[in-house]
């Protein structure tokens, strides 16, 4: 609805439509993969650590993103079949609920990545005091605050999504949080070498430091994948709000369904990174599959 007939008439770009089968397949795969992450962490007591709880928070955010796109496509199919109208009162409330779920998924992913980045930062630079600084109880409190804030913000943004005062802070938050996480990365990698020299005399410090840096590299991969998958959709929101009739904006917005598919692909890629980079998770998955057989 963001692309009017006028904007379609002044651009040669046609709307790119993804088959419903593709949406449902990718969404189902994302939900199942992240559900495996949650089950693995719950079943393996060795994974009951702050870092893996933050990873579970990211997995829940990815599941919400996949669930949002699934419900949205079911809603569109029902509208096409005539069971629902696009402008009814019930449909408006349902649309607001789905928008709130999408915003909750985006905010949850951003703040979960931020929590993981902060956890890696503490692990690398305060290794000897890590278990005193980042306790399990403190991690749960952090997650409770994150999700309470994200839930409240998602409801407020969904209800007032047509106001520029709401859209602008929401879209500014995305690059701002990414910049903050990037600053943490730069600081981690610049000081990692000097920190390694200070703890080189401690037992097993080299192995511990390599493990921490591996975690930082894994988080860097998460951030890169997140930016590639979510940034096109955030750009779409900005263009739809501020230049819906511009032919260049309309041309970009014609790939709306492709951007939505990228969001769901993020939910598929993240669990693969977990399984590939974490030996403990790989071991847990093997035990789960062998037991099921």
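Any Cβ shown, glycine's included, is placed from N, Cα and C.
Among the features that TrEMBL reports, domain 'G-protein coupled receptors family 1 profile' is placed at 33-274.
Feature annotation from TrEMBL assigns transmembrane segment to 22-42 (among others). Long-range contacts of the transmembrane segment (22-42) within its own chain (CB-CB distance under 8 A, at least 6 residues past either end) are made by residues 48, 52-53, 55-56, 59-60, 62-63, 65-67, 69-70, 73, 260-261, 264-268, 270-272, 274, 281, 284-285, 288.
Per TrEMBL, transmembrane segment is recorded for 49-68 (among others).
Per TrEMBL, transmembrane segment is recorded for 102-128 (among others).
Per TrEMBL, the feature transmembrane segment maps to 140-162 (among others).
According to TrEMBL, the feature transmembrane segment maps to 168-192 (among others).
Taken from TrEMBL, the feature transmembrane segment covers 213-235 (among others).
The transmembrane segment annotation in TrEMBL covers 255-276 (among others).
Only residues 6 or more beyond the boundaries of the transmembrane segment (49-68), in the same chain, are considered here, and those with a CB under 8 A from a CB of the stretch are 26-28, 30-31, 34-35, 37-38, 41, 98, 101-102, 104-106, 108-109, 112-113, 115-116, 119-120, 123, 134-136, 138-140, 143, 146-147, 215, 222, 263-264, 266-267, 270-271, 274.
Mean pLDDT across the domain 'G-protein coupled receptors family 1 profile' (33-274) comes to 79 in this model.
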